[in-house]
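To start, the structure itself, in structure tokens.
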Amino acid sequence: MSMPLHQISAIPSQDAISARVYRSKTKEKEREEQNEKTLGHFMSHSSNISKAGSPPSASAPAPVSSFSRTSITPSSQDICRICHCEGDDESPLITPCHCTGSLHFVHQACLQQWIKSSDTRCCELCKYEFIMETKLKPLRKWEKLQMTSSERRKIMCSVTFHVIAITCVVWSLYVLIDRTAEEIKQGQATGILEWPFWTKLVVVAIGFTGGLLFMYVQCKVYVQLWKRLKAYNRVIYVQNCPETSKKNIFEKSPLTEPNFENKHGYGICHSDTNSSCCTEPEDTGAEIIHV
């Protein structure tokens, strides 16, 4: 009876994932309604301007249909790479490995479920080993293993059979050893040990060895079952990768402190509708030598 050894608890249920997907869809619908209101306001404003009286030779404004909704809504959003939902206060996004782009963020609960199903502790893409912090639940909060009714019946029958078998083996060994001890006393009195004594001695040795092997195998199975129960009631928290967290801080710092002045005297970029060029400051200290 083979059973998986490593299992990790704190698994998010399908209801939690479906609720998170429902919240993300609700947010998308609200965002689309807001965009439609913005487009309608823009259309009414442009029609009022055209009715106010513009010369017929003037160029007509660009059609509103040319604007896409993706240009109004933000194109880059932090989403979970497993459930493709955004993070919130209840389930924030973490950066557990060196992956970048759309694979950079993941939910703690989604990652725990993936770790349990895949039985691995490293990223399948960048092969970075996750930084984990484990702790056991209090004993009063332990949960039963998720097993089918057939598996539970097999375990109960196995335990019952093992208890009966161990009792029979111990009783048989006790009887054989007692009889053997009596024959040894009789042999010491007569000075002769008959062949039944040696036969019983061999049977006792074989029974004792078989009982030890039986106990070892069954204890090993029960130890594995105990480890499985212990792992099921263990909570594992995956921490952020130190390198990615520092990188995120450095990437966000220039966005929070924009530089509006050209302090170093570098070239200033001018953009136009048709062309864009950069002009560099002239070097007034240079001298032209005619040969």
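From the backbone N, Cα and C atoms, a Cβ is placed for every residue, glycine too.
Checking the candidates Ser54, Ser253 against Swiss-Prot, the annotation phosphoserine falls on Ser253. In the three-state DSSP reading, Cys110 (Zn(2+) 1 binding site) counts as helix.
Burial estimate for the binding-site residues (Cys97, Cys110): highest at Cys97, by number of other CB atoms within 10 Å. The CA atom of Cys110 (Zn(2+) 1 binding site) is located 18 Å away from the CA atom of Cys126 (Zn(2+) 2 binding site). DSSP assignment over the zinc finger (72-133) gives 15 helix, 10 strand, 37 coil. Cβ contacts within 10 Å of Cys99 (Zn(2+) 2 binding site), excluding its own Cβ and spanning all protein chains shown: 19.
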